[in-house]
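S.K.: If you look up TrEMBL, you'll see A:D14, A:D16, A:D213 marked as Mg(2+) binding site. TrEMBL lists A:D14 with the feature active site, nucleophile. Residues annotated as active site, proton donor in TrEMBL: A:D16. Per TrEMBL, substrate binding site is recorded for A:K188.
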2 protein chains.
Amino acid sequence: MRGSLHDVDGFIIDLDGTVYRGKEIIEGVPETVALLKEAGKRVLFLSNRGNISRKMCYDKLCGMGLAVAEEEIMLSSTATARYLQQNNPGCQAWVLGEQGLKDELIAGGIALAAKPEEADWLVITLHETLTYHDLNQAFRAVRSGARIIATNADKTFPGDGGDCIDVAGMIGAIVASTGKEADVVIGKPSRFMAETALQELGLPADRCIVIGDSLESDIGLGKQAGMKTALVWSGSTKKGTAIPEERRPDWIWDSINDLRALL
Amino acid sequence: MRGSLHDVDGFIIDLDGTVYRGKEIIEGVPETVALLKEAGKRVLFLSNRGNISRKMCYDKLCGMGLAVAEEEIMLSSTATARYLQQNNPGCQAWVLGEQGLKDELIAGGIALAAKPEEADWLVITLHETLTYHDLNQAFRAVRSGARIIATNADKTFPGDGGDCIDVAGMIGAIVASTGKEADVVIGKPSRFMAETALQELGLPADRCIVIGDSLESDIGLGKQAGMKTALVWSGSTKKGTAIPEERRPDWIWDSINDLRALL
């Protein structure tokens, strides 16, 4: 394990499993984040959540007692709006997903199509109130020529009563029935998500660390982008899990609170 | 094109696009079927419909004025029940699909599991009232070890307002989120569907003809099984469509009524 975090200026912190679990904050996190800021560090909360808006996430974190600015949050929904704005300004989007994503696209300057047939892009995210009608509308968007972009491609998320089917299922339904592949997947560990995070922080990769509970999403993103990485046992990865060489993080902590000793 | 149908004893007839379109019978079909029976031919209606029971289909055909016995109908739902009964008697099934399939499984002697976690098989068919909860229950069945069987794997079906997302979408959602492939797909053009049809008719393949509107499902099934084949333009295949050599049928008709001249 490496020594201190003195030469790290930007802290890219995952949310689910790192800051909170479900509706509960992980003990000590508000104090740890406050310490980071007192030490003059820059902080960005980076999450694959694509079905909520930044505003919704901000309200949730504030409600949990975390002192955070809305600009310190980057969700895959936020990043998806930014991708479309950068790569296809003026495009129209059809959403297979929830209101949070729609809000975030509109906030990011992306117009929502009035009909699926008029969409340039089908944007897919987790949709926990999905119906057959929703699937069929999304199917029609793609059959009418819309390209497919997904906020993320996670297969499962921990929900009430165990693991639940996540965005990968929604993508699979559209891909299998239309024969078209997803053109873009935004979420961690994508290069776009890493670049967006660095842009937000205004720092080079080697002065940043990614802290998260997922070997694939968090450690994967950090290592690919040349950042430092820390795995926490407080979320989906069980303590003691065997870690393949290419995913070995610079630090392994019980929780993000362990970083206090290294500041 | 071949000559007469004198040496053909068994007529395997597709339903959607061959006998009816949506809720309307194709003109002349009741008379044509009556002529076949008067000529001493055996008839079996073979459909990839997996979301209805044989009884429901029988009622529909009778309501359209077609003289048919319930035993002359073989749906992919009926065949799925038979497959499970033959290959895994005593198994428990969880259904991602509608009541018609549940009825048909029960009629075929297959027990429905009380919880997804207890299922040996997840049976997937078209589900036009599907919700996220239904998808998640199916996901949990497979995560708990259930194998996947699908009544068919059609990508689209013609519905109100155009083509609609079909069973392939439902299969895609489960396969992509669980990482498990479908173990069995029952519907046309599968070998099991062909064998089941021949068994019902009690005839060898070379004395049977498949009549349908799909090059893949109907002509594909007939040619693979060594039956004669006739394509009709009355359904999903547009008149004049270029036909690849391996799918070339023995006859091409405007509708099934053209067979009258060959009896």
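A Cβ is built for glycine as well, from the same backbone N, Cα and C atoms used for every other residue.
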S.K.: To see if you understand the setup: which same-chain residues, six or more apart in sequence, place their Cβ under 8 Å from that of A:D213 (Mg(2+) binding site)?
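M.R.: Spatial neighbours, sequence-distant, of A:D213 (Mg(2+) binding site): A:D14, A:D16, A:G17, A:T18, A:L231, A:V232, A:W233, A:S234, A:G235, A:S236, A:T237.
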S.K.: Compute the mean position of the Cβ atoms of A:D14, A:D16, A:D213, which form the recorded Mg(2+) site, and then list in sequence order the other residues of that chain whose Cβ is within 8 Å of it.
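M.R.: What remains near the Cβ centre is A:L15, A:G17, A:T18, A:V19, A:S47, A:G212, A:S214, A:S217, A:D218, A:V232, A:G235, A:S236.
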S.K.: Counting only residues 6+ away in sequence within the same chain, which have a CB under 8 Å from the CB of A:K188 (substrate binding site)?
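M.R.: Looking at Cβ-Cβ distances below 8 Å from A:K188 (substrate binding site), excluding near sequence neighbours, one finds A:D14, A:L46, A:N48, A:S76, A:N152, A:A194, A:S214, A:S217, A:D218, A:G220, A:L221.
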S.K.: Let me make sure I understand the structure: which of the binding-site residues listed (A:D14, A:D16) has the fewest other Cβ atoms within 10 A of its Cβ?
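M.R.: Minimum Cβ neighbour count within 10 Å, taken over the binding-site residues A:D14, A:D16, occurs at A:D16.
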S.K.: Could you find out if DSSP has A:D16 (Mg(2+) binding site) as helix, strand or coil?
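M.R.: The three-state answer is strand.
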